[in-house]
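In what follows, a single structure is set out as structure tokens and then discussed.
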Amino acid sequence: MKPIHTIHRRESKQIFVGNVAIGGDAPISVQSMTNTKTTDVKATLKQISEIEEAGADLVRVSIPTMEAARAFKVIKEQVTIPLIADIHFDYKIALEVAKYGADCLRINPGNIGRVDYISEVVASAKDHDIPIRIGVNAGSLEKYLQKKYTRPTPEAMVESALRHIDILDKLNFDNFKISLKASEIFMTVFAYQQLSSQIDNPLHLGITEAGSLSFGTVKSSIGLGLLLSKGIGDTIRVSLASDPVDEVRVAFNILKSLNLRQKGVNLIACPSCSRQKFDVIKVVSELESRFKDIITPIDVSVIGCVVNGPGEAKSVSVGLTGGDPNLLYLDGKTHSKIINENLVNELEAQVRNSLKNL
């Protein structure tokens, strides 16, 4: 399906997290974060594998203690997907995981401490040729900013980011990306808009603490969608109180909806009504489950009646229109009649067969 609008992305420098390019002309990457105890190596490895299988490009791992840092070393030795070490409060943990092969160090300006601590982290990042993410969060701004602004604001977040960018500039370090996250959509959007016009470093997008799978998906889609539609953003993480695999799927659905990155089946389906000639909701649910393993982009339509079915089918690889009889379309042309009992199996078979020709 040919998009009617192309988003022109903001020009930015390019950095690498492991073998994944961030910024420049690289595709917008997707990441998630483990929620296991990092010291539980087996559980963390299992979750990293699940996140990777869902299609994530990067995985972030929380390193709250030196014990977790030592566990990270064991974990890093057993995975190939780039790992980002999430560091708060203790800069020495960042120094440790850099030695253990972290592909990126995430530090929080609000709690990492003094400039000399940051200087040591930067020196370590230089030694190991790894980038840093300056991760500004509205909920953990520096105390002087809390006093100055009295409450979190986009301006406070941008000031925090610019202060730390200045520190890195003075240390001759430009291998970094920035994030400005809040749980409130417009605070996040305004902060990114303000900062993006002042710097050309890659931007990591996210609505932090977005909430449950249902509500958090809506908040993240609106917030990230507003920014991405304006060309802002080089890597994204959807933060949900849910399985990290859900974060990956939602992130790709956001990118897919904006035609920024295609992955897997783009399933176009009607909401159904009394005109439907088969159970649209049941068929779509079953197909979504069966299509989870598909990575190659392909457009598929499932429409319950002839009002919009034929029209939608003309612009997809595989289309189904409800009727008497139901009609299956391939590449916009009528292919065959299909009875309700065979809908899911036949449609899946045709999709997988069409993938061979893409």
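Placed from the backbone N, Cα and C atoms, the Cβ positions cover glycine too.
According to Swiss-Prot, the features are:
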BINDING   CYS270, CYS273, CYS305, GLU312  [4Fe-4S] cluster binding site
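All features noted in Swiss-Prot, drawn onto the structure.
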{"residue": "CYS270", "record": "[4Fe-4S] cluster binding site", "Cβ neighbours (10 Å)": "20"}
{"residue": "CYS273", "record": "[4Fe-4S] cluster binding site", "Cβ neighbours (10 Å)": "10"}
{"residue": "CYS305", "record": "[4Fe-4S] cluster binding site", "Cβ neighbours (10 Å)": "19"}
{"residue": "GLU312", "record": "[4Fe-4S] cluster binding site", "Cβ neighbours (10 Å)": "23"}
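DSSP assigns GLU312 ([4Fe-4S] cluster binding site) to a helix. Other than CYS270, CYS273, CYS305, GLU312, the residues of this chain whose Cβ falls within 8 Å of the Cβ centroid of the [4Fe-4S] cluster site are, in sequence order, PRO271, SER272, ARG275, GLN276, VAL280, ILE303, GLY304, VAL307, ASN308, GLY309, GLY322.
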